[in-house]
Amino acid sequence: MVFRRFVEVGRVAYVSFGPHAGKLVAIVDVIDQNRALVDGPCTQVRRQAMPFKCMQLTDFILKFPHSARQKYVRKAWEKADINAKWAATRWAKKIEAREKKAKMTDFDRYKVMKARKMRNRLIKIEVKKLQKAALLKASPKKALAAKGAAAVAAAAAAKVPAKKITTEGKKAPAQKAPAQKAAGQKAAPPPKTQKGQKAPSQKAPAPKASGKKA
């Protein structure tokens, strides 16, 4: 980037240290390579010689003649609205934030910490929502799987023991008890025995007594 902040008549500078630190001045004349004649009619800085070491040049330039009187400098300053333009720059905002931070108490720093934590929590929640929406939009298969997992989680949270839900989100088929054989159906044949093994002997039922005991 080309350097454009040159020492010239009308250049507005920021005083970084010294008795007038934090104020803006305009260069009225250059005395030598180390000092300049400055004036700050709108910042309560009287016309005086000031070294370049304590000045930082800004991007603002006023149009007034060489070694102009204070009323011409004031008129050019107010016409260019230097104070409002300076307050809107990032440079001025950083200086103001630094001063506010230096004046903060322990309780103020605690409130700032809590506010930052709350802000970060809200940002994380919104980011997760956006990521989930993008995932569902990109792959419909993963969307169906996510819905099935959500259904399983909801069923587990509800704690319904009667209804068993599989991982696919469907009910498990109920097992029916074997029905009893009808009276007219024949019994199944006994299993075949291998050679060398005896067939299990079936005992005949005992005959019922015709007469009752005394």
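A Cβ is built for glycine as well, from the same backbone N, Cα and C atoms used for every other residue.
Of the candidate ranges 30-49, 170-189, Swiss-Prot annotates residues 170-189 with the feature region '4 X 5 AA tandem repeats of Q-K-A-[APS]-X'.
When pLDDT values are averaged over the repeat '1-2' (175-179), the model yields 54. For the recorded positions K79, K85, K124, the ranking by surrounding Cβ atoms (within 10 Å, all protein chains) places K85 first.
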